[in-house]
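Peer 1: Sending over a structure as structure tokens; questions will come in a sec.
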Amino acid sequence: MSGPNIYLQDVTLRDGMHAIRHRVDPERVGAIVAALDKAGVRAIEVTHGDGLAGSSLTYGPGSHTNWEWIEAAVTNASQATITTLLLPGVGTIAELRRAHAMGVGSVRVATHCTEADVAAQHIAAARELGMDVSGFLMMSHMAEPAELAAQAKLMESYGAHCVYVTDSGGRLTTDRVRERVRAYRDVLRPDTQIGIHAHENLSLSVANSFAAVEEGAYRVDASLAGQGAGAGNCPIEPFVAVALLLGWDLDCDLLALEDAAEDLVRPLQDRPVRVDRETLTLGFAGVYSSFLRHAEIAAETYGVDARSILIEAGRRKLVGGQEDMLVDIALAIQPK
């Protein structure tokens, strides 16, 4: 094998929670983790879609607690690192400590792309615990490359081992991904890793992930069957297939990943995870991908087109945590 040595992280059981409204049995979590672990995936993120303490009326209640899901994951992982997500202001350092005590070895601390400063305490606390820590700059399309890189530099200064270009809206085209990764590489230390988190809303997630790696990204997020918010994340099966065709240093069992996607993940979907008129609108309008299910509920409740809600959300530049505003938009555009 040749080519770049990359760190593949699965997000089926975190970002993918949005696609199934955060509803899955711990037993299925354990089965998915076991399959990913056996297939050679290096890290597996597990939590409510909005991270530790994310279960709420705003984001959507989970069918089980994060602790039940994490316990199932840790129990079934023999090689992979179990990872979790923390949004400052939602999850707390106390919850991070509990997750670490349960066996979680890595955390991504997520902020809006221009608000890295709110992550300082949480990144520092994770480092004190001895955890692997990544900064997760969400909605990365909303900041120009230089501004985004300056925010990445802040996360590095707080102690992040890695900082992600996080395309939460699936809005970035391939050239814009390249620009942001290059901007990171220009300002970050050589030993600070770069990650890419892509969404499929414009059908670019695989291409964008490869482009990021070509520009120097090391960590790549992907998910079984593309399970994730909106049209989903970078689907792990075609990503691995192309990487293997290119001779990249990626020790994953493609057939096992295909089986896990078809047998364990697709049956969970009550709404297909795919590019369609609503999810394409997310990418076109630059809207947070996890708004999809909330917008569809508001559209059905108030008799409006979900796309109209999403387009207006994009015009208003809504960000994560403003899900309640989707109802306001639906009421405003409701036929009188």
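Just so you know, the numbers here start at 1 and follow the chain as drawn.
Heads up, the Cβ atoms here are built off N, Cα and C, so glycines get one too.
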Peer 1: Given that Swiss-Prot annotates H197, H199 as Mn(2+)-binding, name the residue from D15, D25 that shares the site.
Peer 2: D15
Peer 1: Report the candidate from Y288, Y302 that shares the substrate site with R14, D15, S168, H197, as recorded in Swiss-Prot.
Peer 2: Y288
Peer 1: Round to a whole number and give the Cα-to-Cα distance in Å for the pair S168 (substrate binding site) and H199 (Mn(2+) binding site).
Peer 2: 7
Peer 1: Around the substrate site formed by R14, D15, S168, H197, Y288, which additional residues qualify by having Cβ within 8 Å of the site's Cβ center?
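Peer 2: Residues close to the substrate site, other than R14, D15, S168, H197, Y288: V11, H18, G49, M138, T166, H199, G228, A229, N233, S289, S290.
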Peer 1: Helix, strand or coil: which one is H197 (substrate binding site) in, per DSSP?
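Peer 2: Reduced to three states, the DSSP call for H197 (substrate binding site) is strand.
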Peer 1: Do any residues at least six apart in sequence from H197 (substrate binding site), in the same chain, have a Cβ closer than 8 Å to its Cβ, and if so which, in order?
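Peer 2: Expected: V11, F136, Y164, V165, T166, D167, S168, D221, N233.
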Peer 1: Looking only at R14, H18, H199, which of these recorded positions has the biggest number of Cβ atoms within 10 Å around its Cβ?
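Peer 2: Sorting the candidates by Cβ neighbours within 10 Å, the top entry is H199.
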Peer 1: Using DSSP and three states only, what is Y288 (substrate binding site)?
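Peer 2: Y288 (substrate binding site) sits in coil per DSSP, no helix or strand.
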Peer 1: Compute the centroid of the Cβ atoms of D15, H197, H199, then list the same-chain residues not in that set whose Cβ lies within 8 Å of it, in sequence order, for the Mn(2+) site.
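Peer 2: So the extra residues in range turn out to be V11, T166, D167, S168, G170, A198, S205, D221, S223, G228, A229, N233, C234, S289.
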